[in-house]
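Per TrEMBL, these features apply:
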- 10-283: domain 'F-BAR' (DOMAIN)
- 181-208: coiled coil (COILED)
- 413-463: domain 'Phorbol-ester/DAG-type' (DOMAIN)
- 509-570: domain 'SH3' (DOMAIN)
- 586-650: domain 'SH3' (DOMAIN)
Amino acid sequence: MNSATTNSNQSYGSNLPDQVDLIADLSDTQFELLNDLRELYRDRVALERDYAVKLQALAAKASERKSKNIASLVLGNEPTKAWDETVLQRSTLNVAYEQLISSFSDSAQDHVNLADNLSSRVTDALKTSERKHADLKKKQMQFFQKLLSERDRVYSERSKNKQNYDEECMDLESYRQKQDRAQADRHADRAARQYEQQQNDMLNSKNTYLVSIDTANKVKAKFYSGDLPLLQDQFQNLQTQLLNQFVAILSQAQDLHMAHLDSLKGRVSKVQDSLAKVDAKQDQDLFIDYNIRPFAPPADWTFEPCKSHYDTGDVSVESGPKVFLQNKLSKSRAKLQELAPLLESKRDEVARFFQLFASYTGDRSLGNTEEISDDYLDAQHQLTFYETSACILQAEIDTISSALEGDEGAQKPHSFKNSSFSIPTQCGYCKSSIWGLSKQGKTCRLCGLSVHSKCELKVPAECTGSKEGRHRSSASISRISIDNSRNDAPQTPTASSFVKSDVSAHAETKYLRAKIIFDFLATSPFELSVTEGVTVQVLEDDDGSGWVKVGDEAGGTGLVPASYIAYIDSSYEAGPHPNAAVSAGDPRKYAKGVYDYEAQGADEISVHAGGLIELTAGPSGGQNYAEGWWEGIDTTGKRGIFPSNYVELV
């Protein structure tokens, strides 16, 4: 602190001599402060009234909506029993809702009361205090002007007496000179008397002047040592009174605000108490009590014969339909077997989330209950869909097994994959043409049999396991290509794929090796997490979905994106330079381009006239790939298929 705030003996009169104008300006500034605060609280009053009006309108709107919807909220849209207002009051939610709306309305009145009190006890009080002290300041300034006038009158009297003294002195000198000239004159006596009289007048004027000097000094001393300090101290007292009144008025304003906040706090406490009493179970029991209706589940569906064809409700097990049932039974069992561990894992996950939810509900300090609740709900939803898939598959298995009575046919199923066809290709089952670029057919990975998608389940499960046994027409230029999407990202398998998917399991036992070129983190139980640089075995090649099934060294298996692997087996090494001569002792087979062909899919390679392509080996590679299509490795080392009628063997 500085000395001005610690020395209580200081005053305007003793420490600020002759500073009346400065002190008066300070009073004017204080009046401006009072005026600013008065306008501030006047605007605050207007805001409180405006807020009260809007809050009251909001409460009225909410009350109107509540009156329209509360019956449906408590008892439902179509209660089965008669009810009245007392029934609604039994709902703890309704009571809490009503208390909330009431708190809005009561709070609006609290704001009106606050505005009235601020207007009468703060705004008006500030205005009264400002006016009163402005009048007192004016009175003090008038008194100051009178003091100045009285002081200046005394000063003026001294100046006037000085002037008279100077004039008398000059007149005396004039009479002295006149007396000197009249020494020998008969008027000498007269001149002497005049000089003596003037000398007396001069001395009287001098004495008067000396008295006025002493008077002016005494008045001056009284003005600066008594009158002026007294006036300034009076100003100080008036300013002290003004500030005390200012503080008292603002303190009263704060008391009004505190009382207002206490009132609002009481409203909030009432709402909190009513919310704490909300009992979901009690309200649900009330809802149940007024919505009990007789219920019977829908009747089971039964076979309805066509009006134009007489038939019975027995499952047909004739030769053709039996093959279809046998294939469907095999697929359903395979999918149910794959679904079983996933279903068990999901049940364990639901049980674990249930325990966590119970723990978090009992002790909220453990974590966020809502996050656990969301995860628990999602797990329950997924489990429900998995169980629905299992129910569908089991129903199919039970129904078909009962109809087949043990005759499940051959156990050599084809391994079909989605295929597209740019030119007509004969279906291996119905012998009609397959033609289309959007998964219009299926091709067996093992024996190369091509069929319509609709014919897949009609083909007997008698796969030869080799394409050598199939007849190839040299005139055929059919094109079969694995349907790989060029733009779409691979789709993650889901539980619905167990029912709707038509892709059979791959049955090869000799697997190619590949290296992972990007890290991949599994996001579903069907996938396998792998890291860059790891070597894996390709258990199932890409069937057009953009995924391959691989196995790692730890024994784990699962799906990874096909674009995340690079084959490293010898059959995938780069082929020869197009101008290199083929050695007579080279056991590898080569094809030379006859016409140019531009690759039209990710699984194809381009053919250049005169260029060499190394044919891959194996029962499903090279010339054995499919009718009209061979598999090989181009000069860049890329492995793919190409039309056989665009090349010739070297």
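Residue 1 is the first one shown; counting continues down the chain.
Backbone N, Cα and C atoms are what each Cβ position is placed from, and that goes for glycine too.
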Can you tell me which parts of the same chain pack against the coiled coil (181-208), counting only residues 6+ beyond its ends and a CB-CB cutoff under 8 A? 161, 164-165, 167-169, 171-172, 175
List the helix, strand and coil residue totals of the domain 'SH3' (586-650) as derived from DSSP. 6 helix, 25 strand, 34 coil
As a test of reading the model: what is the averaged pLDDT for the domain 'SH3' (586-650)? 85
For the domain 'SH3' (509-570), what does DSSP give as the number of helix, strand and coil residues? 4 helix, 27 strand, 31 coil
